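Trainee: Submitted below is the structure of interest, expressed as structure tokens.
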């Protein structure tokens with residue numbers, strides 16, 4: 001996959017290096033050309049000097065072929081504008097933006113842009129939002145038989161209760177991250193757009209659970 005990153009600070013450079021190591025092609029945009037030194041001499045991706053929400057700059061970075069876009073510059077407004085341009089003008093499927101003001105998170109979330117306050121951001125968290133495939137194990141019991149994992153959830157689960165998700169997938173939802181905050185859901189909690197679902201499940205059932213989460217809820221007769 002080709003991935004475009006706006007911002008070559010600590011998170012942006014770490015993200016670019018991690019993605020390249022995973023076999024993705026990467027382009028990094030920054031208005032300060034000296035910031036590219038953080039990438040190191042071994043980085044083989046594109047270095048594009050410019051403003052990350054400028055359409056010509058984005059095209060130079062290969063946004064038209066990109067499967068993901070990360071806005072991790074030092075400015076909230078620049079990040080959200082760039083994220084919206086990537087999604088709305090270029091149709092990039094996986095988009096995430098870093099913000100510094102957590103009070104803005106809900107507004108951005110309504111725009112369909114995953115955001116989390118910067119104190120919680122790490123390159124690893126951004127990686128999971130850009131490449132939402134498969135379960136990310138966060139904890140395993142000593143025997144290795146049970147694990148806690150963040151599982152990518154199909155958007156078709158939005159609007160359905162946690163109880164239905166648990167019943168159809170056979171997992172227990174441990175907690176949900178919503179607008180950057182962890183919540184302990186009840187069986188009546190309804191999944192919202194942008195929720196990150198963390199579940200307890202048997203390690204030998206990971207692939208089955210991933211498939212059920214990706215498939216979405218079963219069709220209901222007469223529903």
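Including glycine, each Cβ sits where the backbone N, Cα and C put it.
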Trainee: According to Swiss-Prot, 7, 8, 9, 10, 11, 30, 73, 74 bind NAD(+); which one of 98, 104, 140, 164 is annotated to that same site?
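Mentor: Answer per Swiss-Prot: 98.
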Trainee: Take the domain 'RCK N-terminal' (1-118) and count its residues per DSSP category (helix H/G/I, strand E/B, coil), listing them in that order.
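Mentor: In the domain 'RCK N-terminal' (1-118), the DSSP-based counts are 52 helix, 30 strand, 36 coil.
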Trainee: For the binding-site residues 7, 9, work out the Cβ neighbour count at 10 Å and name the residue with the minimum.
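Mentor: Checked 7, 9; of these binding-site residues, fewest Cβ neighbours within 10 Å: 9.
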Trainee: Determine, for the NAD(+) site, the additional residues of the same chain whose CB lies within 8 Å of the mean position of the CB atoms of 7, 8, 9, 10, 11, 30, 73, 74, 98; present them in sequence order.
Mentor: 6, 12, 13, 35, 72
